[in-house]
């Protein structure tokens, strides 16, 4: 990844601009989405393992809770995201959403006790609520209209691919090893996404028009004028 530094703060930025930046930005952001797909389908291959394991011996009711608590937690994450997204930004909201996922996978990898698994699934479900709320906003505000729909549609595609992958993992690996693998997309996301820009729309919401102009120029790959900032402000 090519980087350069600007100003006295030596803040890293990507040298990419225009469409390449938009594609890279969406791709790195979608790593988090790909990881969330593992969690969504996790109960399908691994509940039977928990039911057969003599050290856990979960009941059918407990298995139902493990499968559904992830979805129950989602709306709470979505509500939280709607409250903080304009305060801390789309980029920071997505970055923070990776941390609950890593926490969740760490818990599942370490222990398979029912209480811990339920807690881990709830934490992961809240993170998914954040992702499904913020990621379409980030991609929509970053990408040109001509490619916006395609990039956002990749969210669903990657979720289905992740569901397939986690079922394959469940066939060949135990819960601990598969949980470590499932955490990899979020780790890659945390190392790559900080180098991407915040959306210009967020800076406009905060009244930081100079930052909005700089970011919009970087995203579009050319100089922008005040009229374009005004148009963006009206959207």
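Each Cβ is built from the backbone N, Cα and C atoms, and glycine gets one as well.
Per TrEMBL, the features are:
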type	residues	note
DOMAIN	25-235	domain 'Major facilitator superfamily (MFS) profile'
TRANSMEM	21-43	transmembrane segment
TRANSMEM	63-85	transmembrane segment
TRANSMEM	92-110	transmembrane segment
TRANSMEM	116-138	transmembrane segment
TRANSMEM	150-172	transmembrane segment
TRANSMEM	178-196	transmembrane segment
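Sequence-distant contacts of the transmembrane segment (92-110), counting only residues of its own chain at least 6 positions beyond either end whose CB sits under 8 Å from a CB of the stretch, comprise 29, 32, 35-36, 39, 77, 81, 84-85, 116-117, 119-121, 123-124, 126-127, 130-131, 134-135, 138, 175-176, 179-180, 182-183, 186-187, 189-190, 193-194, 198. Only pairs six or more apart in sequence are counted, and the transmembrane segment (116-138) with the transmembrane segment (21-43) gives three or more Cβ pairs under 8 Å, enough to call it a contact. Two recorded stretches are said to be in contact when at least 3 C-beta pairs lie under 8 angstroms, sequence spacing 6 or more; the transmembrane segment (178-196) and the transmembrane segment (21-43) meet this definition.
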